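Participant: I grabbed these lines from TrEMBL:
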BINDING   Ser98, Glu167, His195  Mg(2+) binding site
BINDING   Arg315, Asp337  ATP binding site
DOMAIN    69-236  domain 'Mur ligase central'
Amino acid sequence: MSDQEGGKGSPKSSSLSPYEEAMEALSSLITRRTRADDSNVGDQFSLLYDYLKMLELEEPIANMKVIHVAGTKGKGSTCTFTESILRNCGFRTGLFTSPHLIDIRERFRLDGMEICEEKFLAYFWWCYDRLKEKTDDNIPMPTYFRFLALLAFKIFAAEQVDVAIMEVGLGGKYDATNVVQAPIVCGITSLGYDHMEILGNTLGEIAGEKAGIFKNRIPAFTVPQPDEAMHVLEEKASQLNVPLQVLTPLDAKLLNGLRLGLEGEHQYLNAGLAIALCFTWLKRTGHVGDINLEQTDTLPEQFIKGLTSASLQGRAQIVPDQHIKSERSNELVFFLDGAHSPESMEVCARWFSLAIKEYNPDQTLFHQQLNNSKLPHEVVKSTHHGERGSQRNSTPILLFNCLTVRDPQLLLPQLMKTCADHGVYFKKALFVPSLSVFNKVGPQAFTPADSKVDLSWQFNLQRVWENLMQGSKGRSTDIVSEELKDDMEMSVSNCDHSAVFLSLPLAIKWLRDRVQQNQSVRFQVLVTGSLHLVGDVLNLVKK
C-alpha cells in the first residue's frame, strides 16, 4: 500500500504523532450509548453490508478461509491455541481478538505477531478515509468495534492470510464478525451468564445469541454446556443442518510430557476445541498434506508445538515488577488474570493459589519447572540468595476493580472462598478506579489522578469485601498485617482488610514503597476483575 493511499482524511495536528492522530480518529467512533441500546443490535446489523460494499470487502471475505469462535469464556484462549497450531503447521495466519490490553494493534495479529505500526496506519486510513467519504446521515460512520472488525477483514485480505481466526466480540448473531457467510468451521466455547443486559437473562437466550454464528451445513464444535444452553445449541444446529459435535478436554498425555502454553486446568477444554477446529479446517481446505491426522494415540508434532508455545497476555500471566531497584528480584510480583464472571473467578483463584506456591525463585526446584512453563525470564534471574531469600514471608494482596454491570456479591465471595480452600488469605485488598477511559484509545487514554474522580463504586466493592472478611471464620479474620497497618496516607479509605485508592498509579506506588520498607516480605499481587485493569497494570509495570 503506497503512502498516497492512506492518511488524507487524518486530523492535522503538529503536536500529535501519526499514531496518536489515528487513535484520535478511532476514539471519535466510540459512542456514549450503552451496549444494550437497540441501535447496537438487529435493526442496525444490515448497515455492516453497506460498509463492506464501501470498502470492497464482499468478495475478499467470501474467499477468506475463516474459523469463527463465539462463547462466554475461553474464546481468546481457544483462538490463540488455534492460531498457534496452524502457524506451526506452516500457514500464514490472521488472528482478530478483543479486547486489547495495552495497544490496539494487539487485536490484529499476523503470523502470531501484532501488526506493525506502519502497516496498521496504512490500512487504518485506507478504511477510515473511504468510510468518511461515503457515509452520510442515513448510513453513519460505523461504531468503534464494527470499524475494528472491518479493519481486520481488510488487513487479512490485503495480507493474503491462509486462515483468518475471528473471535466474536459480543454475542454472535449481531456481532460485526458475523458478516462471514461461509466460514470453514465454527466453535462455541463455554457458556455462562455475562452481558445479560444485551444477550438475555437465561442461558437459553444467551446460547441462542451465540448460536447465531452457525451457518447452513457448516460444521461446528462446542464443549460440554449446561443442559439449558446445550438444548438451544442443538436445536439451532438442527434447523441449519449443522453437524454439531461436543468435545471432551484434551488428554494431557497427548502432549508427550509437555505443558500447555496457557496455564490452568480449564485450558485443556479450550485446547481440545482448538484441535478439533484445526483438524476440520485442514480437512475442509484440502491442506492435510504431511500432517498425519489419523493417529488417535498421539497428536501431530506441529499441534503439540502450537499448543505448548501459545501465549496470551492477561490470562494467568506472572510479571515481576521491573521498577524496584534492588539486589533481590521478585519482591513485588503481579499475578494477572482478567477473570470477570463467577466461574472464571473460581478458576483464577485456583490458579493464583497454586501459582504462588510454585513460584519461588529462591529454590532450585523452581528451575526444574521452567523448560515448558510460561513464567517470564525475569523470575529466574538468580537463586543465590539462599536461606536469606527463602525466609521472606509471602504476602498475598488483591488488586481489584470490575465494571458496574458485574455483581461483586457473586465475584468476591467466589474468589475469597476458593483461595481460602487452598489455604491462601489476602492480607489486604486494594480497590482502584479504571485508569483508562471508555471514550479514548491509545497512550493518551489515561485519566489523571483527579481528586474529583467518582469512587462510589470502589467504596461499594470495599464494603462487600469487609463484610465478607468479618463474616468468615478462622484465620482469614485475624490476618491484619503489621507492615500494612501504617503508611496508608495515599489511600482515601483504609479499613482493616482493604483500602480504596484515588488511582491505580497511587496503589502501585504504595506497593512499591511497602516493598522497599519491608525487606523481609515478598508481595504477591493478584490483579483481577477486569481485563481493562489488567491492561492498565501491564502498562505501568512492564518496561
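Every residue, even glycine, has its Cβ placed from backbone N, Cα and C.
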Participant: Cα-Cα, whole number of Å: Glu167 (Mg(2+) binding site) versus Arg315 (ATP binding site)?
Facilitator: 16
Participant: Including all protein chains shown, what's the count of other C-beta atoms within 10 A of the C-beta of Ser98 (Mg(2+) binding site)?
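Facilitator: Around the Cβ of Ser98 (Mg(2+) binding site), 19 other Cβ atoms lie within 10 Å.
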Participant: What number of additional C-beta atoms lies within 10 angstroms of the C-beta atom of Arg315 (ATP binding site)?
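Facilitator: Arg315 (ATP binding site): 24 neighbouring Cβ atoms within 10 Å.
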Participant: Please report the number of other Cβ atoms within 10 Å of the Cβ of Glu167 (Mg(2+) binding site).
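Facilitator: Around Glu167 (Mg(2+) binding site), other Cβ atoms within 10 Å: 25.
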Participant: Over all shown protein chains, what is the count of other CB atoms within 10 A of the CB belonging to Asp337 (ATP binding site)?
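Facilitator: Asp337 (ATP binding site): 26 neighbouring Cβ atoms within 10 Å.
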